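Dumping the structure here so I can ask a few things about it.
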Protein chains: 2
Amino acid sequence: MSIWRRLSLFVLASALCSCPCRAEDSAMENIVTEKKAEESHRQDSADLLVFILLLTLTILTIWLFKHRRFRFLHETGLAMIYGLLVGVVLRYAIHVPSDMNNITLSCNVNASPATLLVNVSGKFYEYTLKGEISGSEVNDIQDNEMLRKVTFDPEVFFNILLPPIIFHAGYSLKRRHFFRNLGSILAYAFVGTVVSCFIIGLLMYGCVMLMKQIGHLGGDFFFTDCLFFGSIVSATDPVTVLAIFNELQVDADLYALLFGESVLNDAVAVVLSSSIIAYQPEGDNTHTFEAMAMLKSFGIFLGVFSGSFALGVATGVVTFTKLRDFPLLETALFFLMSWSTFLLAEACGFTGVVAVLFCGMTQAHYTFNNLSPESQERTKQLFELLNFLAENFIFSYMGLTLFTFKNHVFNPIFIVGAFLAVFLGRAANIYPLSFLLNLGRKHKISPNFQHMMMFAGLRGAMTFALSIRDTATYARQMMFSTTLLVVFFTVWICGGGTTQMLSCQKIRGFLEQSCLMMGFLCVQQIGPDGVERRSTKQESAWFFRIWYNFDHNYLKPLLTHSGPPLTATFPACCGPLARCLTSPQAYEVCTLHAHSGLIILCGTRFSSLFYVDCFIWLVKENFIIVFIGDITLHIKDDKNSM
Amino acid sequence: MSIWRRLSLFVLASALCSCPCRAEDSAMENIVTEKKAEESHRQDSADLLVFILLLTLTILTIWLFKHRRFRFLHETGLAMIYGLLVGVVLRYAIHVPSDMNNITLSCNVNASPATLLVNVSGKFYEYTLKGEISGSEVNDIQDNEMLRKVTFDPEVFFNILLPPIIFHAGYSLKRRHFFRNLGSILAYAFVGTVVSCFIIGLLMYGCVMLMKQIGHLGGDFFFTDCLFFGSIVSATDPVTVLAIFNELQVDADLYALLFGESVLNDAVAVVLSSSIIAYQPEGDNTHTFEAMAMLKSFGIFLGVFSGSFALGVATGVVTFTKLRDFPLLETALFFLMSWSTFLLAEACGFTGVVAVLFCGMTQAHYTFNNLSPESQERTKQLFELLNFLAENFIFSYMGLTLFTFKNHVFNPIFIVGAFLAVFLGRAANIYPLSFLLNLGRKHKISPNFQHMMMFAGLRGAMTFALSIRDTATYARQMMFSTTLLVVFFTVWICGGGTTQMLSCQKIRGFLEQSCLMMGFLCVQQIGPDGVERRSTKQESAWFFRIWYNFDHNYLKPLLTHSGPPLTATFPACCGPLARCLTSPQAYEVCTLHAHSGLIILCGTRFSSLFYVDCFIWLVKENFIIVFIGDITLHIKDDKNSM
């Protein structure tokens, strides 16, 4: 039973737990209903407990794997396996007799109202609409209560579990390398996802036509359905691959390309799929091609995407610098702002998930710099925890649902076709685009990087959430079952083979780059010759050079305490205005830039074992290291534990 | 609309957003329903946004108050005021025309099933039972959609919002002073709450009898209802007072007495109220006195309380010491353990809130010591944030509900009686018990402490959650309305007058004691004469001295890394066993005890302004101060900001 239905049962329990102050038969009746409600509440708590224990088990096993440096199975893959096991047990081992407490009413109402009042022998009961169910499901509903009990409402994924994951992705985008590769990332995310969607859609349409010919199709399957399938499986989620990249300190540019692409193509896929659903030609045949409807869909795509983008950026930019003395208030406000971005976007008819993504990115770029050090740590940790819990929950639920979902449609031809289409769609995204991008890039995307990106096209939480959102028709059910298999395959096989693939492609990590990426607060590293060794702006295309300059010289100083003081960047004539807009902190940060070969280590977000490697490297390279916080203690711990 | 109903509407939206692949009229019908669902989803997002903005506004105003050191209004009082304002606006300013989408059905079903299938001209719709509603409410339901939309299901408070608050209270119980006053705290919490409950119950019964005589009673009101009222308003919540105590560094013993009592009496009140509801005499008259039913209620009280206690302690004691290298996993596991305690208790038929309280206390006492420093900080901050959000949400909802709740029964006689009864009940709790306790205490509870405790008997979140849980009958509605007024009055008047009351009672803060309480990790402070200046065990009664010794010498070393090594406390003959059970860290901690006049400061949870005062005091007293972490930086910040 969904957690929401569970909660509404709590309500039921309370509503029926009214005082026993009526005539005896009424009182007895009340007691019976009360007992039933209490039992149901207990059952619900027990169900939820199963999920929690599942997560606990996953965490303990992850710890074991991390401790033993076992890299073949990521935590998400593990969560799926545990979910599968529990699903098997629920489906085949536990048999709960149905108590037949559903009653089918036939009424002559001509609508299905949201709230229904039922007059049962003088007493009124209030019912809330849950949704339409197909005729074939009517018996199922009375059939297996147990499996229904562990089924969450699909919208929970979209409105509760996905937002923290997406926000965290935006909030933790490695910004330096992200901006250096912004052009390529945008190309992969926008052009690539659209190309992939249409390639997969066309291939699947061919596949469906074939199935129709040989009579393997049990229901309607239109071209829009195929395109929809293309859009949902175009959302890549290389969480497994990136975790291994992190551990092995793989090339920072490749990391940025993959991570940036996967984050942004989620947003593109969500909006794309909703635009495809919105394709509604007028006239008799609702599935013919019509230019107007097509244009309208395109307009919806542009409108929703840019609206969500603008909204996310706007709320992300809102700065609060005065709350630094009260980290609790600051963190709470930060959390509420991110949540209100989601709600505001949904209330305006935009896509909350997309807005939250851009909100996270903007907050990481501007607001983060204004937070007190304690709040910076707190917000990072909070969203890291939420992301961790939500992600593992989704993946274990994925495993569970393979056995507990009752309307699976596994069609061998469709499945084989889908795997082929997913492969070809990814290839049509990566290789031609890389070729085009390499024409303009100074640092070419090498062939082995391209193969790695091709290989890292895992499907994950977003694909699952989009496919489970609607499983009412035959087409959607077949898509859902196939999507599940695609996710399982890519997470286990591609995820598990990352280490092999990396060594096979001879992609080595650059420890130095990784050190700077892994969350160290690197206060600009200047070599002995006094020349900046690494500069984002010189390596980017002209457009981004302009943007970088504008951002670094004007936006950052204006919106945050970091960056050069405005007095240095504004023209001389605007001196008084610049002085007035520059915060005292900006000058302080500046003085730190003067030291040569200086690394300031702050916080210990990264894996402690990796940390020791990094530290040794830094010492070897004769860096001056300044410790802030309790890092020294951690090093001691690490050495003890080794 | 409740968040759960909101979520179920999301489901409705998705269920109806199926592909447009039927005949045209069906498609058109679908589009209409789809649009309706989408609009409803938008409306729901907007409603939730109102609550978020309310919280945001509260946070900003709290910041202003804290910044200006304005102590007359606490954040909870403020949240209530904002809630009230929004309630007024929703009630009187916004007028949404009802769309009359409720249909009353008359059916010949002899039960109210949890799930209802309605057959509307061939299509099946699934409905979920929300609860019974009284005949008078039937029209209301169709009346004002808007007010219903901002009404949360009452069980949300009990199952979502209260647990983090209660857990946080348990987790942050100041343990040293708590255990020093354990006997008194238990007396106030158990004896005091029961006395208060029965005094209030009896007085209210007198009041109700009077009302019946003069015809002011509009419905049934039994003695059990009066007792129930007594139990719910016996749960004190001096959050406002304690916040001011914290800021003003008021006497640590008084703080411990008040905080400990308020935390534990919540648990007593919850179990007490559920035992009163469970009072079900057999036979014709369900409201006469019957010894068996009474005994059964008493048995339920004992059983549920001790069961919840045992369960909370058992899960709280579970230690995990191996995950120290991965703070994220550790924190996630800690969070899941606390949540599963709640669910386990609910699944077993105990009270989740009580179990969570004792789980928090046990975890603070044992598990906390095993966490890595980073996780200690993370878990504290996480629960602090959850507590902050939940508390402010409940208080602002309280304000809102004064205007949006539609079945208020304000009866002047009952209200006056209730205020009188609450006052007398508190007096009958504090003064006689203090007199009895002072007979046995070395450190007497002085009269001005007693007056302060009397004054600090605020009612808050728990009282509200218990009273809103069931508002089906006339009696419950009157209780709910009266309880709201009691909460408003106590939070605003008693909370706002705390500073005056303190100076009037001449209660001064002992900076020294506060320093040790405020979260400083004080590693035993030994004076120059080598005698321990402050010892918990010597100042307690013999029973607690025994317990303290056992806990300190055996339980703590066994379950945590702190305390003396077992090799020192076990008899010599058990040497090998003790060596085997003692962790290496225990020896390390021990060496720290050897320094004289040593204070180790760790972390900066406390208010930064207070911190400077404390620091100055410590320097004056010639303490050797060892800083761990980034405290030095904070001091600099503080001085700059002053």
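Glycine is treated like the rest: Cβ placed from N, Cα and C.
Automated prediction, rather than curation, is the source of TrEMBL annotations.
Per TrEMBL, the feature signal peptide maps to A:1-23. Marked as transmembrane segment by TrEMBL: A:47-65, A:77-94, A:156-173, A:185-211, A:300-320, A:332-361, A:409-428, A:449-468, A:474-498. What TrEMBL records for A:58-503 is domain 'Cation/H+ exchanger transmembrane'.
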Out of A:185-211, A:332-361, A:409-428, A:474-498, which stretch touches the transmembrane segment (A:300-320) the most, going by CB pairs under 8 Å?
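If we count Cβ pairs closer than 8 Å to the transmembrane segment (A:300-320), A:332-361 scores highest.
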How about the transmembrane segment (A:185-211) with the transmembrane segment (A:409-428) - do they touch, taking at least 3 C-beta pairs under 8 Å (6 or more apart in sequence) as contact?
yes
Counting only CB pairs under 8 A, let me know which of A:47-65, A:77-94, A:156-173, A:409-428 has the most with the transmembrane segment (A:332-361).
A:156-173
Taking the transmembrane segment (A:449-468) as reference, which of A:47-65, A:156-173, A:409-428 has the most Cβ pairs under 8 angstroms?
A:156-173
So which residues does the transmembrane segment (A:474-498) touch in its own chain, when a touch means Cβ under 8 Å and the partner is 6 or more beyond its ends?
71-74, 76-77, 80, 218-222, 225, 228-229, 232-233, 240-241, 244-245, 395, 398, 401-402, 405, 407-411, 414-415, 418-419, 422, 455-460, 463-464, 467-468
